[in-house]
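If you look up Swiss-Prot, you'll see Gly80, Asn111 marked as anthranilate 1 binding site, on the strength of sequence analysis. Per Swiss-Prot, 5-phospho-alpha-D-ribose 1-diphosphate binding site is recorded for Gly80, 83-84, Thr88, 90-93, 108-116, Ser120. Under the heading Mg(2+) 1 binding site, Swiss-Prot lists Ser92, Glu226, citing sequence analysis as support. Annotated anthranilate 2 binding site per Swiss-Prot: Arg166, in sequence order, evidence recorded as sequence analysis. Sequence annotations record features per position, and here Swiss-Prot assigns Mg(2+) 2 binding site to Asp225, Glu226 based on sequence analysis.
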Amino acid sequence: MNIREAIAAVVARRDLTQAEAASVMEEIMNGTATPAQIAAFLTALHIKGETDAEIAGMAAVMREKATHVYFDGPVIDTCGTGGDGAHTFNISTTAAFVAAGAGLTVAKHGNRAMSSVCGSADVLEGLGVQIELDAEGVARCLRDAGIGFMFAPKFHPAMRFAGPVRREIGIRTVFNILGPLTNPARARYQVLGVASAALAEKLANALSRLDTVHALVVHGDGGVDELTLSGPNLIFEVRAGHALRQMIVAPEDVGLERAPREALRGGDVAYNVALVRAILSGEDRGPRRDVVLLNAAAALVAGDVAPDLATGVKMARASIDSGRALERLHRMIAVSRGEA
């Protein structure tokens, strides 16, 4: 199916198969689709609503076109789709260091702020990490620091064909949710935060169509794209060879206290950098630490090193209290800057 046929099908509200969506994405990613065709397709798909099969087909092509990072061993990614308007601090980025301190190798894939004030790239840069590394530089961080960061624009060169169109049409499209599914290090373990419950289930089903080994797709209380402390959280567990499993987990279920969403608010880059340092150093021991423990626990479960979230919280706490989480940050800064 070519993109003109796909536009006609989607306008008629017909869902594409995974293979058809992949075929269209090939045209977009190799530059043969025109800007007008890309805009028409993305807009029509947005109006119809993307299916998990369509998302998976497009993600598979985007993964293949990415500049790959090669690492000999399993890696996990922790990220969210954004767009929740909650203005929390960089929870998943902080949790990544805690998970790394507990033994996981974290291949974080992210960008600068889109809908927030401070994205993962912004806070890491503020912490002193060199964020614009090439594939070998990231692989070196994974090997020597246990955590690496892939700055999305640098690893998805084929996005140059769709990027200008996305900016011009100015609406959220399927590309807003493809980023977290297209890790250049081919992370087969993942924690993916989603602001919409319906989209969370859809992305969980999309991950099950890809080569995922174990993932937790989480939707926080109040529509946050992280596990949060304000109430019950919805979790979809994706495990290779198993049916999708749905869970509801409240903070008290894993030994943590509830806290209002306002307690997790972030600020500008300088503010969030100070927060990350305070949490990893053990100085901040309030709800911001607790929400990091909860999200790091999810990574430890998805990464198959913790049997359940309650155990994961204990392991995450030990990662901070032992100094291992902060050491991962210091190590990542040094390795990324060529100082180690």
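Placed from the backbone N, Cα and C atoms, the Cβ positions cover glycine too.
The binding-site residues shown are Thr88, His109, Arg112, Arg166, Asp225; of these, the one with its CA atom nearest the CA of Gly80 (anthranilate 1 binding site) is Asp225. Comparing Asn111 (anthranilate 1 binding site) with Thr88 (5-phospho-alpha-D-ribose 1-diphosphate binding site), their Cα atoms are 16 Å apart once rounded.
Cβ contacts within 10 Å of Thr88 (5-phospho-alpha-D-ribose 1-diphosphate binding site), excluding its own Cβ and spanning all protein chains shown: 23. In the shown protein chains, 18 other C-beta atoms lie within 10 A of the C-beta of the residue listed as 'anthranilate 2 binding site'. Rounded to a whole number, the C-alpha distance linking Glu226 (Mg(2+) 1 binding site) with His109 (5-phospho-alpha-D-ribose 1-diphosphate binding site) is 16 angstrom. The C-beta environment of Asp225 (Mg(2+) 2 binding site), restricted to residues of the same chain at least 6 apart in sequence and closer than 8 Å, consists of Gly80, Thr81, Gly82, Gly83, Asp84, Ala86, Gly193, Val194, Ala195, Val218, His219. If you draw a 10 Å sphere around the CB of Glu226 (Mg(2+) 1 binding site), it holds 29 other CB atoms from the protein chains shown.
The Cβ of Arg112 (5-phospho-alpha-D-ribose 1-diphosphate binding site) lies under 8 Å from the Cβ of Gly119, Ala121, Asp122, each of these being in the same chain and 6 or more residues away along the sequence.
In sequence order, Thr78, Cys79, Gly80, Ser120, Val191, Gly193, Glu226, Asn295 are the residues near Ser92 (5-phospho-alpha-D-ribose 1-diphosphate binding site), counting only same-chain partners six or more apart with C-beta under 8 A. The separation of Arg166 (anthranilate 2 binding site) from Thr88 (5-phospho-alpha-D-ribose 1-diphosphate binding site), Cα to Cα, is 26 Å. Here the C-alpha separation of His109 (5-phospho-alpha-D-ribose 1-diphosphate binding site) and Arg166 (anthranilate 2 binding site) works out to 20 Å. Taking the Cβ of Gly80 (anthranilate 1 binding site) as centre and 10 Å as the limit, one finds 25 other Cβ atoms among all the protein chains shown.
Cβ neighbour count for His109 (5-phospho-alpha-D-ribose 1-diphosphate binding site) (all protein chains, 10 Å cutoff from its Cβ): 27. Cβ neighbour count for Asn111 (anthranilate 1 binding site): 18 (other Cβ atoms within 10 Å of its Cβ, all protein chains included).
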